[in-house]
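**Q** According to Swiss-Prot, the protein carries these features:
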- 14-34: transmembrane segment (TRANSMEM)
- 59-79: transmembrane segment (TRANSMEM)
- 95-115: transmembrane segment (TRANSMEM)
- 125-145: transmembrane segment (TRANSMEM)
- 152-172: transmembrane segment (TRANSMEM)
- 176-196: transmembrane segment (TRANSMEM)
- 214-234: transmembrane segment (TRANSMEM)
- 300-320: transmembrane segment (TRANSMEM)
- 336-356: transmembrane segment (TRANSMEM)
- 374-394: transmembrane segment (TRANSMEM)
- 407-427: transmembrane segment (TRANSMEM)
Amino acid sequence: MLSPFEQFLRRATAGGIVLIAATILTLILSNSTWHTAYHAFWEQHLSLRWGNWIFDQSLHHWINDGLMAVFFFVVGLELKREFLVGELSSLRDAALPVIAALGGMLAPALIYHQFNPTGPAADGWGIPMATDIAFAIGILVLLAWRIPRNLIIFLTALAIADDLGAVLVIAIFYTPALHIKALMIAALLLLALLLFNRSGVRHTLPYLLVGLPFWYFVILSGIHATVAGIFLAFTIPARGRILPDELADNLSAHGQHLRDTITHSKRLNPLVNGQLAGIIQDIRNLSVAALAPQQRLEHAIQPWVTFAVLPVFALANAGINFAHISVNMLFSSVTIGTCLGLVLGKFLGIGLSSWLAVRLKIARLPAGVRWRHLLGAAWLGGIGFTMSLFIGQLAFGDPRLREEAKLGILLASLIAASIGLLWLFQVSRKKGDVPA
């Protein structure tokens, strides 16, 4: 049976492949004879009505405000798991990836700011701060047999810490005017969710029933809906209703009951043997009760996010018409600032902050990981894609600036992935580099 981390790696790798395929399809559609219909499709409106109440959004907004809230909900579940029992659960283990993530966010923002110090373009400083976990881990796993396993764990923890930083940036710097009444209602709903957690509610339905209006009022408050996904995830209980030892005792008793029923019954089909079906259902309910709601939801939703939400997001946001790319667009301050911020900023920020943390004995390199491995991971940190595209949509209202940022993100992701892959392939050929 695969460990949770191995399951995560498998999903991330497959998800990266699907995301690449969706991006290629998007670029094909954007540069085909269907490009007008392609763009018009995402501007179609979808409305929800109930009496006099109406909630009307374009498909593009439903994806960015709705589906991406589900993505951030899963990110929140992953963050909570990492803080409780994962690589970020202890200061000693979390120090290096967290410091590396901070450096990897500050340096790209500073580089972008050097090219765009004033004007509307200056609002895009948050675009190169993000790392796409699916792409970066997917590339790294291609070399899993040549590199230390702890390098994959390091980059995963870094990307998760990076996601948290991106969420904070969105919440603090990309939130327009706040609507206090809606914010107060959202706060009351969040309080109700926290009370569910503290009072031992382990069924997921109450969290869903309160979580949906919470998401709606967060949107009305002016805060981006993705923040609602993170907060909702943090309220989901991380403990099951029964403990493992209690589960073992109950399973032992039910197992004996099941054996006795099988021995004394001629009908062994649960469809026609109600007693047998009842015992099996009790065993199933006990097993579910032992799993934390957080685990159940993450296991159930993450495949949908990996193979549906993110590819649909790419289809709606990654399209760029190459015929519209001019020399001015290619060398615009937004394109260059975004591209250099991701490629050089991530490499320098992650590399230098990690070196400084180890040098000052604040952190240590993971077992089996050498500096040349870590620098390879730093190059891969420049794959910004999903989160960078998302922040670009929030940062710019001007379609021209959005297109320039999109071009910079695509170029940077391609360059960073190529350099990182070649770098790690080359340095892993050195003797003594046996995966740990």
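Cβ atoms here come from the backbone N, Cα and C positions, even for glycine.
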**Q** What residues in the same chain, six or more past the boundaries of the transmembrane segment (14-34), come closer than 8 Å to it by Cβ-Cβ distance?
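**A** Residues 134-135, 137-139, 306-307, 310-312, 314-315, 318-323, 385-386 contact the transmembrane segment (14-34) from elsewhere in the chain.
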**Q** So, does the transmembrane segment (152-172) come close enough to the transmembrane segment (95-115) to give 3+ Cβ pairs below 8 Å, pairs being at least 6 apart in sequence?
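**A** Between the transmembrane segment (95-115) and the transmembrane segment (152-172), contact is present.
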**Q** Please tell me whether the transmembrane segment (407-427) and the transmembrane segment (125-145) touch - that is, whether there are at least 3 C-beta pairs under 8 Å between them, with each pair 6 or more apart in sequence.
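**A** As far as Cβ distances go (cut-off 8 Å, pairs 6 or more apart), the transmembrane segment (407-427) and the transmembrane segment (125-145) touch.
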**Q** Quickly jot the same-chain residues contacting the transmembrane segment (176-196) by Cβ under 8 Å, restricted to those at least six beyond its ends, or write none.
**A** 206-207, 210-211, 213-214, 217-218, 220-223, 228, 231-232, 235
**Q** Find the member of 59-79, 125-145, 152-172 that has more C-beta pairs under 8 Å to the transmembrane segment (300-320) than any other listed stretch.
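**A** Counting Cβ pairs under 8 Å, the winner is 59-79.
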**Q** Which one of these stretches, 59-79, 125-145, 152-172, has the most C-beta pairs shorter than 8 Å to the transmembrane segment (336-356)?
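**A** Selected stretch: 125-145, with the most Cβ pairs under 8 Å.
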**Q** Below 8 Å between Cβ atoms, which of the listed ranges 59-79, 125-145, 152-172 makes the most pairs with the transmembrane segment (214-234)?
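**A** Between the stretches 59-79, 125-145, 152-172, 59-79 has the largest tally.
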